[in-house]
Amino acid sequence: MAILINKKTKVICQGFTGSQGTFHSEQAIAYGTNMVGGVTPGKGGHTHLNLPVYNTVHEAKAKTGANASVIYVPPGFAADSILEAIDAKIEVVVCITEGIPVLDMIKVKRALIGSKTRLIGPNCPGVITPGECKIGIMPGHIHKIGDIGIVSRSGTLTYEAVAQTTAAGLGQSTCVGIGGDPVNGTSFVDCIEMFLQDDETKAIIMIGEIGGSAEEDAADFIKQSKIKKPIVSFIAGITAPADKRMGHAGAIISGGKGSAEDKVEVLQSAGVIITRSPADIGKTMLDLLNKI
């Protein structure tokens, strides 16, 4: 079953004919993703990568039945692209773009309320259900069909968790990069809830980082959840020096809250197993499952 996407998901690409849209659409098609077309305003009626190009998301959905979209659009235009997909009632929208202005994302966040759209990102690697559907920039070959659900604020650390669970023979059910920006569409809580309810997901890896309260919110949810599954977490930034700017816009410790140690403590109190090194994520999960 997995979560969010599967082999039946029909995907369009916004920013389809640009360099990034072209390259990553080629990779998705090669992986087996059911790409059905793309959107580039002004280029409707043409074909690209042997797929139809449309001027609008509305037209693309009407002609192809698409229920998912991936956005490779520059930061100044990305929010409008998300809003267009929301207006077209696309079910899953994955925005890869980094650097979208916060005020633009606040407008998007408001538009998501009561909509039919689930936004993944922005500033994220995307989402993949191994062997079925790849939407985003992650390397497909490191994934393996399995039963570990992975959710992460960091793209490259997601790949570490994937490579290690693949090497351990565990594989993944679905991997979701929720993005590193302060305002995003889908949270740890959203993904953990879906993984807990998914019969194909036996355990969960959650990769967090300093800044914000997403990990604390997840810990509260895990405590209160009636469904229990093994969860391993790594929090990036434990050794981050004070007053130093880090990589993600959301990696800001403010008001004495959002530190890595605070997050570790609250997650441990919820029964989550913490690994202190990203190199031990796969081993920690394998050891935990062997004890059950």
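Every residue gets a Cβ built from N, Cα and C, even glycine.
For THR17, GLY18, SER19, GLN20, LYS43, ILE96, THR97, GLU98, the entry in Swiss-Prot reads CoA binding site. According to its DSSP assignment, SER19 (CoA binding site) is helical.
Following the DSSP three-state reduction, the secondary structure of TYR159 (substrate binding site) is helix. Swiss-Prot lists TYR159 with the feature substrate binding site, giving sequence analysis as the kind of evidence.
The active site, tele-phosphohistidine intermediate annotation in Swiss-Prot covers HIS248 and rests on sequence analysis.
A distance of 27 Å separates the Cα atom of THR17 (CoA binding site) from that of TYR159 (substrate binding site). Around the Cβ of TYR159 (substrate binding site), the same chain contributes PRO125, MET138, PRO139, ILE142, each under 8 angstroms and 6 or more positions distant in sequence. Spatially close to GLN20 (CoA binding site) yet at least six residues away along the chain are TYR72, ILE96, judged by Cβ distances under 8 angstroms. Around LYS43 (CoA binding site), a 10 Å sphere centred on its CB holds 15 further CB atoms from the protein chains shown.
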